[in-house]
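Below you'll find the structure, written out as structure tokens, and then a few comments.
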């Protein structure tokens, strides 16, 4: 079934279908294709850039798979918890994820849990791995928002800007949610164009991706890229979420907007505090990133991570006097391990 989407101010009209194609009894949706594309690009990025962060690329495939799985599960749980009225009368619908209903912040929380667990299991350093992950993550978010375009969802309130959009699906949704929107102080005319908030977030995320690519070559400490991502994405999401008409609510609070505000402020405060210490220290070795350490350089060069060598045995003393004195430390110790 196709839906019409109009951009009257731009003179654009699209006929959109959620279904990309059929493979016998299997229905393949555009949203799934877009998500798979984002995931594939993210995996390729991580694999190619891993060594430059001091991460062994041979260890990250399992990490990515577990992280994605937990991300999807938590994204669904997050959505269901804050939309319980939709599911309480049909509990089996909780598991029909293909019908829609996931939330990005739930996915981020689940992905973070997955990375922490798998870093512990595989021995990967946590902060370098997080720094490696945030650029492909925000790129994936930029790409994934176009799934909202195909599904005609994640739109905002009325606008007179030339890129405002409308269509039967938008009109029907807004008309049927007038009461719930009014309860949170949102007054909207279903017949008038609305903000394409999916596009705003996609553009914001793509700009963040470009900035992260630059910062990757100039990072000063492990965790810097992660803090920037949390601050940047949170700041944009806070503003954009305030325009949306489909926010997950907790009482009168937009849940994602509240999380975005807290996360963004906390991340930028920590980022600026650490950068200030680095500048005051005036020491290029201060908080050196892991990849520049001897251990990190072994990974960059593709050297195997074997056990540390045993200290060499003591050379027998030339003294045959039979004295029981221990050898002097200055003769018996080797160089310390880095």
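Count begins at 1; order follows the chain as displayed.
Note: Cβ is positioned from N, Cα and C throughout, glycine not excepted.
As annotated by TrEMBL, region 'Disordered' applies to 300-338.
Beyond the ends of the transmembrane segment (28-48), by six or more residues, the same chain brings 17-22, 57, 60-61, 64, 68, 98, 132-133, 135-137, 139-141, 143-144, 146-147, 150-151 to within a C-beta distance below 8 angstroms of the stretch. As annotated by TrEMBL, transmembrane segment applies to 28-48 (among others).
If you look up TrEMBL, you'll see 60-82 (among others) marked as transmembrane segment. Same-chain residues lying 6+ beyond the ends of the transmembrane segment (60-82) with a Cβ under 8 Å from its Cβ atoms: 39, 42-43, 46-47, 50, 94, 97, 101-111, 113-115, 117-119, 122, 124, 129, 133, 248-250, 255.
Panel annotation: around the transmembrane segment (102-119), residues 62-63, 66-79, 82, 125-126, 129-130, 133, 137, 141, 248, 255-256, 259-260 of the same chain, lying at least six beyond its termini, place a Cβ under 8 Å from a Cβ of the stretch. Residues or ranges marked as transmembrane segment by TrEMBL: 102-119 (among others).
Long-range contacts of the transmembrane segment (126-144) within the same chain, counting only residues at least 6 positions beyond its ends with a Cβ under 8 Å from a Cβ of the stretch, are 34-35, 37-39, 41-43, 45-46, 49-50, 53-55, 60, 63, 67, 104, 108, 111-112, 115-116, 119, 201-203, 205-206, 208-209, 212-213, 216, 219, 222-226, 228-229, 232-233, 289-291, 296. The transmembrane segment annotation in TrEMBL covers 126-144 (among others).
Annotation source TrEMBL lists transmembrane segment at 198-215 (among others). Within its own chain, the transmembrane segment (198-215) has Cβ neighbours under 8 Å at 134-135, 138-139, 141-143, 145-146, 148-149, 153-155, 163, 224-225, 228-229, 232-233, 236-237, 240, 243, counting only residues six or more beyond its boundaries.
For 227-243 (among others), the entry in TrEMBL reads transmembrane segment.
Counting only same-chain residues 6+ beyond the ends of the transmembrane segment (255-274), those with a CB under 8 A from a CB of the stretch are 82, 103-105, 221, 223-224, 227-235, 237-238, 241-242, 247-249, 287. According to TrEMBL, the feature transmembrane segment maps to 255-274 (among others).
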